[in-house]
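Below is one structure, written out as structure tokens, with a few remarks after it.
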Amino acid sequence: MSGPAMVHQEPYSVQATAAIASAITFLILFTIFGNALVILAVLTSRSLRAPQNLFLVSLAAADILVATLIIPFSLANELLGYWYFWRAWCEVYLALDVLFCTSSIVHLCAISLDRYWAVSRALEYNSKRTPRRIKCIILTVWLIAAVISLPPLIYKGDQRPEPHGLPQCELNQEAWYILASSIGSFFAPCLIMILVYLRIYVIAKRSHCRGLGAKRGSGEGESKKPHPAAGGVPASAKVPTLVSPLSSVGEANGHPKPPREKEEGETPEDPEARALPPNWSALPRSVQDQKKGTSGATAEKGAEEDEEEVEECEPQTLPASPASVFNPPLQQPQTSRVLATLRGQVLLSKNVGVASGQWWRRRTQLSREKRFTFVLAVVIGVFVVCWFPFFFSYSLGAICPQHCKVPHGLFQFFFWIGYCNSSLNPVIYTIFNQDFRRAFRRILCRQWTQTGW
């Protein structure tokens with residue numbers, strides 16, 4: 001089907017048409033390239049293979065569909081001033097437009113809920129956060145978007161007369177549909193996301209305050225500890241689980257018998273003795289050397305990369321200093337204390353590698369979760385800024401069509417600002433997330449190297 005043969009006034013001058021066409025063509029290409037890069041990064045980068053990143057793959061796919069199936073036809077409709085294509089395709093085009101836009105914001109809503117559950121119910125939810133579960137949530141997101149986008153195909157509403165006899169392709173103008181679709185596609189998910197992120201902020205703030213209190217408490221406790229004796233080991237230090245037959249030498253020399261220590265194999269009463277983070281200043285040097293070779297290169301490397309962005313407050317289950325493990329009585333004889341220290345080095349050398357490796361991995365994971373939550377907050381904020389003007393003016397026209405209608409030119413500007421959002425997520429990931437930065441650099445450099453050869 002071809003367009004009408006009649007002559008009509010073009011909406012833009014030749015220069016404006018060329019500029020708009022060039023800008024939108026660049027937008028289309030950049031959107032496809034950037035979001036394809038996001039999909040490749042998640043599927044090929046080890047640091048981005050977490051199940052929750054499948055949300056980003058689906059979101060990027062929706063943005064690519066907007067760039068390929070929606071924006072080109074919107075551009076033609078804008079520049080020509082009428083709908084050049086088949087009437088049936090107009091109805092499908094409008095339904096797909098609503099589908100992809102709704103899918104994007106419902107994806108962001110699902111991501112924010114995933115963040116909230118990961119923060120508020122970390123142990124319980126992380127064990128259930130499997131790829132299969134995430135895929136089911138993504139399928140539900142697309143089904144919700146499809147339900148909201150179906151009415152334009154089923155009920156077309158009252159058809160307005162076409163100006164100058166030219167075919168037009170416009171959104172449903174029924175007030176009930178405008179309000180229902182705006183609430184379901186934008187305002188309700190936005191409200192959910194805002195409330196969820198406020199809750200995440202409250203939880204993070206509370207954890208931060210608890211962490212500062214724990215730090216102050218540990219600082220006061222350390223200030224009361226006795227100064228270390230010769231050799232760098234505190235004079236009051238002992239390792240629980242250490243008992244030596246040579247401790248009887250102290251009794252034979254006239255020293256009082258020290259209090260009973262726990263037998264090997266018993267669980268220490270101090271819960272902090274169960275996990276030893278790598279606080280080097282508090283560990284014997286031989287243990288430090290042992291730790292350097294046994295803690296796992298991958299965990300240390302990840303922690304070093306995230307060092308500048310590590311959370312200020314660690315969970316309270318992670319002890320602030322391994323020095324808290326050592327806490328023996330002052331009257332313990334020197335011979336027994338030295339022997340206990342030596343045996344303590346042997347004991348620590350067996351366990352510190354595993355414990356501190358787990359500590360580093362947990363620390364790196366928490367840092368990555370924190371940064372990823374911040375990135376998603378930026379993504380949601382940018383989405384709201386881009387789409388709010390359109391949905392607000394669209395709803396306003398349905399509430400009071402006579403007096404509150406937004407001028408057509410301004411409405412079209414809001415319309416295109418919303419489309420621009422599809423190209424922004426890859427930029428946000430690049431600016432705010434070093435895992436994506438490294439993955440993008442690796443993919444692009446590999447492609448350029450292969451092309452150069």
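Cβ from N, Cα, C; glycine included.
Note that the structure is a prediction, hence the values are computed from the model and not measured.
According to Swiss-Prot, the protein carries these features:
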type	residues	note
COMPBIAS	303-314	compositional bias 'Acidic residues'
DISULFID	CYS90-CYS169	disulfide bond
LIPID	CYS445	S-palmitoyl cysteine
REGION	214-329	region 'Disordered'
SITE	ASP97	site 'Implicated in ligand binding'
SITE	SER181	site 'Implicated in catechol agonist binding'
SITE	SER185	site 'Implicated in catechol agonist binding'
TOPO_DOM	1-17	topological domain 'Extracellular'
TOPO_DOM	43-54	topological domain 'Cytoplasmic'
TOPO_DOM	81-90	topological domain 'Extracellular'
TOPO_DOM	114-135	topological domain 'Cytoplasmic'
TOPO_DOM	159-174	topological domain 'Extracellular'
TOPO_DOM	199-375	topological domain 'Cytoplasmic'
TOPO_DOM	400-408	topological domain 'Extracellular'
TOPO_DOM	433-453	topological domain 'Cytoplasmic'
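Its Cβ placed at the centre, CYS90 (disulfide bond) has 18 other Cβ atoms within 10 Å.
Other C-beta atoms found within 10 angstroms of the C-beta of ASP97 (site 'Implicated in ligand binding') number 20, with every protein chain shown included. Around the Cβ of SER181 (site 'Implicated in catechol agonist binding'), the same chain contributes VAL98, ILE148, PRO151, ASN172, each under 8 angstroms and 6 or more positions distant in sequence.
Ranked by CA distance from SER185 (site 'Implicated in catechol agonist binding'), the recorded positions CYS90, ASP97, CYS169 have ASP97 at the top as the closest.
Packing around CYS445 (S-palmitoyl cysteine) is summarised by its Cβ count: 10 other Cβ atoms lie within 10 angstroms of its Cβ, all protein chains included. Each residue in the topological domain 'Cytoplasmic' (43-54) gets a DSSP state, and the totals come to 9 helix, 0 strand, 3 coil. DSSP gives CYS169 (disulfide bond) a coil state; it is part of no helix or strand. The residue listed as 'S-palmitoyl cysteine' has ASP97 as its nearest neighbour among the recorded positions CYS90, ASP97, CYS169, going by CA to CA distance. Comparing CYS90 (disulfide bond) with ASP97 (site 'Implicated in ligand binding'), their Cα atoms are 10 Å apart once rounded. Cβ environment of CYS169 (disulfide bond): ASN77, TRP83, PHE85, CYS90, TYR93, LEU94 lie under 8 Å away, each six or more residues apart in the same chain. For the topological domain 'Cytoplasmic' (43-54), same-chain residues at least 6 beyond its ends with a Cβ under 8 Å from one of its own Cβ atoms are 111, 114, 118, 129-131, 133-135, 138, 302, 368, 435-436, 438-439, 442-443.
Secondary structure by DSSP for the topological domain 'Extracellular' (400-408): 1 helix, 0 strand, 8 coil.
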